[in-house]
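**Student:** Have a look at this one.
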Ligand code: KG4
Ligand code: ZN
């Protein structure tokens, strides 16, 4: 079975083909970093216009022959969560393509796709496990009982981890998206020159709040001498504070459930220090194992959408011009999405 995956939830346009026998055949992404850099972030209207241009270019790029198009058995697209104008581009494109070629279409949840993406490459991941989902808009701890059964244990109350990375990076004068840039700068930072709070670690719940930390760090930046070394030291302390907070709460979740398997997914899971510290924690405290996906599949892409389409193929509908998106779509409410 071959699944075409289409991702346009925010600012990355992704198209991929997943083959159930051979794995991921193609995974192409066009990002909008130049545009976002110019504007200091994502502007929804501009992002959707850019998707309109990129999506046809990408389709032309990946389909060499008409025969290859005929080999596609299913089209999966991101229906939410995300920016409505961006989601609509991918949804309209997927539904029109399915309708015109008589291929079934399936709308899928972006966060579920992140969550299951490490399974694309590792057969060792077995249910149940704890998932730490960390992206530009989400910071969640989820007890994953089985495919489609997700218990939300912790959520972010304000800024998500990726958003906090991006905002602090901007204050440090770095490019967009700031997470990877801040992380690079932090490598030359000296540990413990600055120390920032680990928010909400003494609360009994598993929720997160990074907005106070962001304000605290922004004041430190303002008062600092702004030399490159000071910026690197601040970046290092900030990265440590966010990662420690994420892992302290994840540790609690693993203990609560008495589970030993951890999956970390979403854009921030590309962070090297997070992976390093998570591995240390899971080995020392649980004698368990942590899984993530390959680096190019950590941030938004069509590959994870195509793979989730394959896993959820039973829910696919006959091609119809009924275009569905759900900008606010919680992973713990998947069944509410009436197709
Ligand atoms: O999952 P994703 O590609 O998009 C959303 O669904 O939001 O995540 C993007 C986020 C951005 O905030 C970006 O700065 C962050 O992931 N990110 C990182 C790293 N790579 C991407 N944050 C920290 N360290 C990284 N290496
Ligand atoms: Zn994402």
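Keep in mind that glycine also has a Cβ here, set from the backbone N, Cα and C atoms.
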**Student:** Kindly point out which candidate in 154, 179, 288 is recorded by TrEMBL as part of the substrate site with 133, 134, 135, 136, 137, 166, 271.
**Tutor:** 179
**Student:** Which of these, 296, 300, does TrEMBL list as part of the Fe cation site with 110, 114?
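**Tutor:** Candidate listed by TrEMBL for the same site: 300.
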**Student:** Highest CB neighbour count within 10 A among the binding-site residues 110, 137?
**Tutor:** 110
**Student:** When the number of other CB atoms within 10 A of each residue's CB is tallied over all shown chains, which of the binding-site residues 136, 179 has the maximum?
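**Tutor:** Answer by Cβ density within 10 Å: 179.
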**Student:** Restricting the comparison to the binding-site residues 110, 114, 300, which residue's C-alpha is spatially nearest the C-alpha of residue 166 (substrate binding site)?
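**Tutor:** Comparing Cα positions, the candidate nearest residue 166 (substrate binding site) turns out to be 300.
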**Student:** Quick one: give me the count of other CB atoms within 10 A of the CB of residue 300 (Fe cation binding site).
**Tutor:** 26
**Student:** Pop the Cα-Cα gap between residue 135 (substrate binding site) and residue 300 (Fe cation binding site) into the table, whole Å please.
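**Tutor:** Checking the Cα atoms of residue 300 (Fe cation binding site) and residue 135 (substrate binding site) gives a distance of 9 Å.
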